[in-house]
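Below you'll find the structure, written out as structure tokens, and then a few comments.
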Amino acid sequence: MNLSLVAVLALTLVSICVAQYKSIPLLLAERTAWKPNDGAPKQPWRSRPPLLRKPIRRPVPSRQPYKQLLENLRQRYPRPKEVLREHYQQQVRDFNLTASAKDVKLRNYFDTLYSGLITIGTPEQQFDVAFDTGSPMTWVPSIHCPPEHFGYKYRTYNNASSSTFQANGKEFEAVYDLGFVAGYRSQDTVTVAGLTIQNQTFGEAIIESDLFSNSRTDGVFGLGFSNEEPTVFDNLVNQGLLPAPVFSFYLNKLDIPGPDSVLTLGGTNPEYYTGDFTFINLTATDRWQFEIDNFRVQLSNGDVLFMGSGSPAIVDSSTSLIFGPMEEVDVLNRKLGAKPLPGHVSLFEFDCSELDSLPDFEFYVNGQKLSISSKDYVLKIFLYGTDLCYSGIMGRRWKESETPVWFLGLNFMRAYYIQFDKGNRRIGFAKPKY
């Protein structure tokens, strides 16, 4: 990846990771002022549109490591914003669907986000979207989005330019922990990995919070479970375009040589993994969740730390780190030898010289073991000529009425080639080829 592009992407990713969860403004003035063209729905906005909510709120990561990462990038690549923006646009134009028929080539945004290309409409309109196992909705920014909500967006969907567009008009609002989007649903052809879905419902976003308006990705491709219209992936299966309701991820790490990241639709790709899969059945009907018997860590002094008995866990491709209950995570990080940073909730620092001696973090599910090493659960940052190492396992607090859940984000997913089997309601884990 071009180093200048890395700097551009990191600016976006830092804004994603440091944003604090806040209540959703209604922005009624903008909604009232919006004037659709003939292809848009005619009904006025209600005072509050129906919410399309995720079943579980995602955790908000600490801002400190990403602030330092941003400062490091600024020192290494001090280029004017306009030059970086122009460079990013050129890179996007050069990025194309060169993978095989069922593979989606993914771009690695500094190990915190992975995205790929889809097209919508006739003629095709191209979008760079993040693939999210934690939500079902696929959406892209609409041309009707007021300019003040465009942010860094370079591409928007124009339904008037598509001969296969069909009006739907049903409002949607997708709410995430770090932001929201609102707009209306439309139908059109959607193409991913060379496979074209007819009459697919998706979201045209006309209002986006700062999180999304400043993102270098255009939108989101939902790979979660839907209780409403069939998702894009559902219709790939329903329309006979895939041999099986399965998709798989191989996610590379920027500092480790290896092939580009790939999402495989309809099965698995043996080029990216070795050995057999370890399968774990899902324990929820609306998300990629299973139950962990316990976590185990063999400490350097010979003690064994057990924790998390009977905890649900969700594999979430739009969460960059691992999140668990605050008290358990704090105990774990301290036992591993990490020191808490004063003034920062659940942020722990390791001595970088001791990383090789850190133990694996083991997960036991139905008697089967999964594990990740310190190279996966430690976030290493180079700053002012020195390395800084932070724990990539962070804590969050839960309300008394909520069941504590572990979120297994990208630093967990990179440790495995992961198969999401919707038909058999299970997740498979295999050793990746790095």
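Using N, Cα and C of the backbone, Cβ positions are placed for all residues, glycine too.
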Cys145, Cys352 - which one TrEMBL pairs with Cys389 by disulfide: Cys352
Greatest C-beta neighbour count within 10 angstroms, which of the disulfide-bonded residues Cys352, Cys389: Cys389
Mean per-residue pLDDT computed across the domain 'Peptidase A1' (114-430): 91
Between Asp316 (active site) and Asp132 (active site), the C-alpha gap once rounded to whole angstrom: 7
Pairwise CA distance, Asp132 (active site) versus Cys389 (disulfide bond), rounded so that it is a whole Å: 27
Greatest C-beta neighbour count within 10 angstroms, which of the active-site residues Asp132, Asp316: Asp316
